[in-house]
Amino acid sequence: MESQPQPQPQPQPQPRRPRGFAATAAAAAASVSPTGAPSGSAGASTTSSGKGKREREKEKERTKLRERHRRAITSRMLAGLRQYGNFPLPARADMNDVLAALAREAGWTVEPDGTTYRHSPPPQHQQHLGAFSVRSGESPLSATSLKNCSVKATLGCQQPVVRIDGSLSPASLDSVVIAERDTRSEKYPSTSPINSVECLEADQLIQDVHSTEHDNDFTGTQYVPVYVKLSTGVINNFCQLADPDDVRQELSHMNSLNVDGVIVDCWWGIVECWNPQKYVWSGYRELFNYIREFKMKIQVVMAFHEYGRTDSADVLISLPNWILEIGKENQDIFFTDREGRRTTEFLSWGIDKERVLNGRTGVEVYFDFMRSFRTEFDDLFAEGLISAVEIGLGPSGELRYPSFSERMGWRYPGIGEFQCYDKYLQQHLRKAAKLRGHSFWARGPDNAGHYNSRPHETGFFCERGDYDSYYGRFFLHWYAQALMDHADNVLSLANLAFEETKIIVKIPAVYWWFKTSSHAAELTAGYNNPTNQDGYSPVFEVLKKHSVTVKFVCYGLQICSYENDEAFADPEGLSWQVLNSAWDRGLKVAGENTLSCYDREGCLRIIETAKPRNDPDRRHFSFFVYQQPSPLVQGVICLPDLDYFIKCMHGDITGDLVP
């Protein structure tokens, strides 16, 4: 009779070494004798209890560090997917957005309620390219595709349920993915060493998700001061107060709304209009005296740009007349496009250090103007009435090139044109090319299209275009560096003129073509921010050196159908990159609305952007600037309820927005 084969002994699994609180509990159990009596004396028991308490406190600190580390890693992963993978993830993306985007990339269909299935195998070209395929931002995942997802399913359902909360912050990424409930246990064991703090009840997870659903309750949130910008034209071209009665009425209305302060543009083209270094401040002195009566703070803007050269403008403020006279003899003091057309919106920063303005350089002209203002209103600085000064560094006061000028025929969403063809910037380009060892690179691109071109219509900005060639990278780096050098030069003198005063710099919101690989509109504006490079970090490093506050334009939802147009626009994605890049470098950030009207949802979206309630670092705007095209006294208030908006920013209101 054959002997039956003996079963082989199975290796016993090694017991897991307890960690965290489990390790503390095991150590406490080891100190107890089998009879249940303490193994040591009463003093030893007290010592053991004290050690256990200290160990628990240390474990809590380690848990916090692991959580911060997890959030930092997740934030970098999302940034990489946006920037290098060209995934059009929403600004407030959570893990469900990422999973949905990856599933769609693999050929799956993801419904808004989380149902996922595949109609047919993915196309052959996607199977070969996989995750490394180069995409132009065309994705079925839109910024609001998951916004209205419900969480109606219960944990008792038989199928897995994905719960989505659209209000979660991109910085914290505290999203909760609830899988199928294990009927054998009431708790969800954590398998991640980062998250293995303790098991959470399913009901507790649901409560944590719903705790962020009170979108309209801003009671107790951070106080964000609100400033209102006075309408352009309050000071006429003769530096006189245009209508004192209207100004007083408008200031009274602001005061009744509990506005923290006002923004006043100090126009270079008005104050130093006729003769160099002859400054007239009389109208501003009268205006500031009115504001002083209402005890509101003042932020002034050193407006070195032109205003109103459009068909819709009812006020025209040019650069100083003596500057325009110089420009008739030397047109290269102005920015110039490839065809040789000049724009008088702002002086070319090619002359920042060229003595072509009656013996002065560009930065000296700016410094003399700022120093004159500081001397004239020294009493207002001394009493703290003037709380901050914004330095205009380009067209519309923004740090950018005049690449999309309506005077040149530009219309949204054109890519704009490079503005570097005046002789001074061309000299700088030739010098940079020579230093690089490629003198033949001393030219602008000849295949970058025109103001209203689309990226795919050009050889420079198209997919895998010349923007990513050796020459293209050299040119774009030089072009962006000229912008940063201008900011560095002017801000160095601004800090001398306004010592110990808050300095503000306005950053443009060039959001169209953001979902394409080249980011063409940002490139022509001076921000070298294609998908394979971060164009805002070096700019913010320069601004950090001067300890400035970054002011960024906030878009609500008023951009008409930007998700469906052909411009691949992404205001939320741009805001996410700019705000987090500035915050990560320790810069203070402020916001400003556009002149377009908001709907109710856009109003709340701006408040959420100003002070994201789920940000673990509690970062928020240092202030917000509200502007509209006409005075408040005329009753044209773009926000549904400006009083409610201000109270929400101040953090002292509860309830839904009044219709």
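Indices start at 1 and increase along the chain as displayed.
Keep in mind that glycine also has a Cβ here, set from the backbone N, Cα and C atoms.
For 1-15, the entry in TrEMBL reads compositional bias 'Pro residues'.
Taken from TrEMBL, the feature region 'Disordered' covers 1-67.
Feature annotation from TrEMBL assigns compositional bias 'Low complexity' to 22-50.
According to TrEMBL, the domain 'BES1/BZR1 plant transcription factor N-terminal' annotation covers 50-200.
According to TrEMBL, the compositional bias 'Basic and acidic residues' annotation covers 52-64.
Here TrEMBL flags E398 as active site, proton donor.
Cβ environment of E592 (active site, proton acceptor): K506, K551, F552, V553, C554, F624, V625, Y626, Q627 lie under 8 Å away, each six or more residues apart in the same chain. The active site, proton acceptor annotation in TrEMBL covers E592.
Sequence-distant neighbours of E398 (active site, proton donor) (same chain, 6+ residues apart, CB-CB distance under 8 A): K506, I507, P508.
Shown for the compositional bias 'Basic and acidic residues' (52-64): DSSP residue counts in helix, strand and coil, namely 13 helix, 0 strand, 0 coil.
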